[in-house]
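K.L.:
Let me begin by handing over the structure; questions about it come next.
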Amino acid sequence: MLAAALDRRNFVAGGLTTLATLLMESGVGLRAQTPPVRREVHGPAAAPMLQLYKRAVKQMQDRPVWDPTSWWFQANIHWTPRQDDTRGCFETNCFNALFQPPTGATPEVLARIQASHMLVAGEVPLGPSVGVGRDRIWLKCPHHMYDFLPWHRVYLYFFERIVESVVGEPFALPYWNYLDPKYRDFPPPFRPAKETDGSDNPLYYPDRSPLCRDPNDPNVPATEKPLIRDTDLNWQTAAEQRFFERGEVLGLDRGFSFQLESAPHDQVHGRIGVLKGGIPLGMATPALAARDPIFYLHHSNLDRLWEWWRTQPPLDGDPPRTPDYIWTQEPYLFASPDIQKVGLAAEEALGMVGTAYSYDQLAPLPTAVAGSPLAVSSPRPPSRISRSGGALSIAPSASATTQLSPEPGAGAPVVSPSSRWILRLSEVSSPAAPSGVFDIYLDAPAAGAVAGQPAGSFALFGTADHAIAGHAGQMATEKVIEVTSRMRELIAQGVDPANVRITVVSTSTNAAAVKIGRIELFSR
Ligand SMILES: [Cu+2]
């Protein structure tokens, strides 16, 4: 029975890869008119689901790592530390220890542990020092690749089913819409360590920015408040990209998915997580991020933003906003509560919203603030105005400054009041695990020390171990950052836009090191 369930051919032939089958089994197919609704976490309508979530987190955290309905198993699907962690790890000895049966385990429990071990590890070895194989269930988050959005969609979908199995009621994840100016601070139910009755708050997680406990923490500089700042979102840059972008356009060979992953995704991870002794913890690293209960609400919002963007009219007659022809038919694999493989392919993930679940609102912002600068416009082609002379290295909690200069022989840039200004940082790399949040200041060449709000910011989110099994986490990356507001201020002060000074600051709440190979300023 277990052997049959673990057999891939049987799995595929069994038809579990179709969304329709899953919906029928979950009962949603029978009430297809009303799929579960994901709601914004601050609204009163989200309160019942938040209570269910709280109950589930508490129960799931008490379950053993090998149990698919445990909090740790679900977090390990995303990624795990390498070693020395009793909640999840992939180095062979550490990994195998997670599946040690308790003394006096019944034959039934022993069989379940063994089945889980086989399922999680997979059968195609990666190497002697790694406990999981190529066809594993854990350590699967695809970052810096096109599977980023559909994989996380399917991950959240099966996570909801796990929660339902724990609480015994229909469940829809809330989402946290940090794009809304009202919700830039950390959601209040996730802040306190203790409930009013003195018991532990299941939604609390210790390794978070001090602003996640107290939005007004006096030790955090004003430039780093609120927790999610305008410069952390950079949403317009993502929203106006096509699914694929080519070299002549900002975004290089990337496009919407990569830009959304850069910000707000990486940025919100970086703002919530922390570094201690140079080591990224909690939301600051893929290896631990999904242990923080806010993780799933962050990704629920990203999934919602993708769906909104995907259903907008095509840009300039471009191909579909998420083509269905680029994906392999291989399903993304997960585990059911009874330790069976379940999965859905990317192509099916595209059709899930509205059938498997829905959102109370798809628009990025409530209509009341729809006219804000976050509204999407059609982009103009960019032209390069200036660039840095060489690389810039920033140490933790330090800053570095360089001068941007026009190309030799270039004429004065053509600038209009409606010009938008964009920075591109290339060959961005870090000496250790890519992590941390960095603020960018633009000033006149001879200005004094930097002050006030940053012109833009960027975050790194990866792990030094992401390179296992083709996950390119540590490679150098690009960051595309809108700095229009600050550039317009400088131009109004008479500063030559082709000769501005740039300062990059390693922020205090998430201090890490970074090296930037090249900096270019574009206008469009
Ligand atoms: Cu994430």
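Cβ coordinates are placed from backbone N, Cα and C, and glycine is handled just like the others.
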K.L.:
Tell me which of 213-252, 373-412 corresponds to the region 'Disordered' entry in TrEMBL.
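P.N.:
The range carrying the region 'Disordered' annotation in TrEMBL is 373-412.
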K.L.:
Cβ under 8 Å to the region 'Disordered' (373-412), counting only same-chain residues 6 or more beyond its ends: which ones?
P.N.:
179, 233, 235-236, 239-241, 248-250, 275, 278, 312, 315-316, 364-365, 420, 422, 427, 436, 438, 445, 450, 497-506, 508, 511-524
K.L.:
Cβ under 8 Å to the domain 'Tyrosinase copper-binding' (292-303), counting only same-chain residues 6 or more beyond its ends: which ones?
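P.N.:
For the domain 'Tyrosinase copper-binding' (292-303), the far contacts come to 38, 41, 53, 57, 75, 78, 149, 152-153, 155-156, 159, 173-179, 186-187, 190, 202-205, 207-208, 260, 264-265, 268-269, 272-273, 282-283, 353.
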